[in-house]
Amino acid sequence: TEEPKQCGHWVVGSNHSQAGGGHGSSISGIQIVTFKWHHVEAPYLIALWILVAGVSKMVVELNHSLTSVIPESALLILIGWILGGIIYGADKMQTFTLTPTVFFFYLLPQVILDAGYFMPNKLFFSNMGAILVYAVIGTCWNAATVGLGLWGCWLGGAMGDIDIGLLQFLLFGSLIAAVDPVAVIAVFEEVHVNEVLFIMVFGESLLNDGVTVVLFNVFDAFVSLGGAEIDAVEIIKGIISFFVVAFGGSLVGIIFALLISLLTRCTKNIQIIEPGFIFILGYLSYLTAEMLSLSAILSIVFCGICCQKYINANMDERSVTTVRYVMKVFANGSETIIFVFLGISAIDPAVWVWNTGFILLTLLFIFVFRFIGVFLLTWILNKYRLVPLEFIDQVVMSYGGLRGAVAYGLVAMLDENKFKEKNLMVSTTLIVVYFTVMLQGITMKPLVTWLKVKRAAVTELTLAEKIQNRTFDHMLVAIEDISGQIGHNYMRDKWHNFEERWLCWFLMKPSARKSRDYIFNIFHQLNLKDAMSYVKEVRATHKVRESHDNLILQDIVPSVCLVMHEQDLTMRESEDFNAHHLLQQHLYRGRKQVLEHRYSRSHLETNRDENEVQEIFQRTMRSRLESFKSAKMGVAPAKKIQTKHQKKDKPQKVRGEGTFSPFLRVRPHSHPLIGNVMCMLCNFMLCHF
């Protein structure tokens, strides 16, 4: 009777089948409650570790003064050390570690997809050439120099008697050259460096991972083949394999990005499930590239980069918000789990092998050769860049080469039968990760402050700045066209024309293409901002009046209080009436909700008027045109909102000079050219729409 009970913990429904058959089973009685830990062990532990990681992040964020000095990633590693010590003290062995399968198949894809999806495309592609130089040539430089440097020191006897050959040194150099985007994002987002410097470091670390994995696989194949069997043909095949794997993975990602865009083009009637396509197909792009022995990291990176524009235009606004929040939840949760388990994995005496010469020389070489590589490549790039990278930016880029879980995941994949010194490589990789994330991460912010690195702008670009930047881009294209040069701006303009003519027609909904008019979008955003500011002003006025009335009412007679209370109600009704009509005129008109409380599995809103935004735009443009004409010609607006509480002979004013318009402040002393341009623009938009 003992054997069926044990099987009942592992096989679902085994007792029921025996009872139903009635043969070969003896049941003494029905148990009211049974303890089936093995039945739920795996999902229960997963849920517990996710909870522990979330609580760890919550504990880290309790003290903002601490996180402003020590990076969040370093604090999570410290928490991992504590948890690892508790687990080792309880079990006398390390039960939980970060395995390569869990890291590469379940944690890393979410972080990379988030980074690709939220990538600033214009900034990324504007610096694409420099990023590729640092990611491809720089990674190969770091891998070769670190591997050859360690091999030379080993020949000189600086490491003692260790069983490592040249190919194994090069393999270790390739994996230790991986600049981890998880660690880079965690540190550089807290520093707030300027946009160009951030995209250089972030883009390099993102593509560097894909290049590192490709190099790792090539050298792993060389090690398996053996040094005696490697000739010129094998080396050429390895170089060809490097480019095929890298560009093939990128191509797979682009194909899946097109597929996602096409699917979201057809989800008008099933908007409730359209966010799921992004996550499923993004993950499938990663798995497909891995199945084809291509670069899975580059695949999911370019999938996120290439699909974001089209799916954001195709999907409903609520679906876009859902995708953004869910993707951030997954990415932040994965980052937290990664850093916590990087700390836990260190509390395991079985993996620690110490070799002072190997460890110290590795730390020295990754630091020195990265500085040399960055300065050498930047010196070459600055000869062709319109805006060269300054010396301070090069120092920050060199110092920002943080290593992380990618290097640890690769070194954990090594075969102990082929690599006799695997534990030494694992120990060295962990020390390099802790050194770069903690020491360099802690000193990054003081270094940026001391060097006075240009920080990122906090405020958003104004409408005038956006128009100026767009005009400048068109001027550069015209100059290149007149001079007969095919430069970066010329190629970008050709790509823009191709995208507008073919890709948008193929990948976007007709309604999305119609609403992509830039002037329409800008005025729509201005209307919303003006409306929100007006509502805030009304609320602020109410609060000030209420506080003032409360102070007065404390020292007056109740009868007078009653009269003032009635007056206050009258004033509030008047202002609410005005605000209601102003918002109704300049914003969305109210739509009656039919079947409001009916449940639906596929719809969150029963009524939606697709022409509503167009109507509001036309009405607001007419109002703006009247305001411009009145401000320029001194003519009163044709229509004003009058209520029974307002006096007709008393015009309404807002703060500052000019004609009253609740969503447009027009000053009489504005430049006449601006008024002419805006009037022409309004007339054009009214005729166009």
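Cβ atoms are placed via backbone N, Cα and C, with glycine included.
Annotations in TrEMBL come from automatic prediction, not curation.
Per TrEMBL, the feature domain 'Cation/H+ exchanger transmembrane' maps to 67-450.
Annotation comment: TrEMBL describes 636-657 as region 'Disordered'.
When Cβ-Cβ distances below 8 Å are used as the criterion, the transmembrane segment (72-90) is approached by residues 52, 56-57, 59-61, 66, 96, 182-183, 186-187, 190, 335-336, 339-348, 404, 434, 437-438, 441-442 of the same chain, each at least six residues removed from its ends. Feature annotation from TrEMBL assigns transmembrane segment to 72-90 (among others).
Here TrEMBL flags 102-119 (among others) as transmembrane segment.
Within its own chain, the transmembrane segment (131-157) is flanked in space by residues 124, 164, 166, 169-174, 176-177, 199-200, 203-204, 206-208, 211-212, 215, 246, 357-358, 361-362, 365-366, 369-370, 372-374, 377, 380-381, 397, which lie at least six positions past its ends and keep a Cβ under 8 Å from the stretch. The feature transmembrane segment is assigned by TrEMBL to 131-157 (among others).
Annotation comment: TrEMBL describes 169-189 (among others) as transmembrane segment.
Cβ atoms under 8 Å from those of the transmembrane segment (196-219) belong to residues 112, 115-116, 119-120, 123-124, 127-128, 130-132, 134-136, 138-140, 143, 167, 170-171, 174-175, 177-181, 184-185, 188, 238, 241-242, 245-246, 249, 293, 295-298, 301, 387, 389, 393, 396-397, 400, 402, 406, 410, 453-454, 456 of the same chain, restricted to positions at least 6 beyond its ends. Residues or ranges marked as transmembrane segment in TrEMBL: 196-219 (among others).
Outside the transmembrane segment (239-260) by six or more residues, the chain places 136, 210-211, 214-215, 217-218, 277-278, 281-282, 284-285, 288-289, 292-307, 310-311, 507 with a CB less than 8 A from a CB of the stretch. As annotated by TrEMBL, transmembrane segment applies to 239-260 (among others).
The transmembrane segment annotation in TrEMBL covers 272-289 (among others).
Annotation source TrEMBL lists transmembrane segment at 325-347 (among others).
What TrEMBL records for 353-379 (among others) is transmembrane segment.
Feature annotation from TrEMBL assigns transmembrane segment to 424-442 (among others). Counting residues 6+ beyond its ends, the transmembrane segment (424-442) has Cβ neighbours under 8 Å at 69-71, 73-74, 77, 162, 172, 175-176, 183, 186-187, 339, 342, 345-346, 351-355, 358-359, 362-363, 366, 399-405, 407-408, 411-412, 414 in the same chain.
The stretch with the most CB contacts under 8 Å to the transmembrane segment (102-119), chosen from 169-189, 272-289, 325-347, is 325-347.
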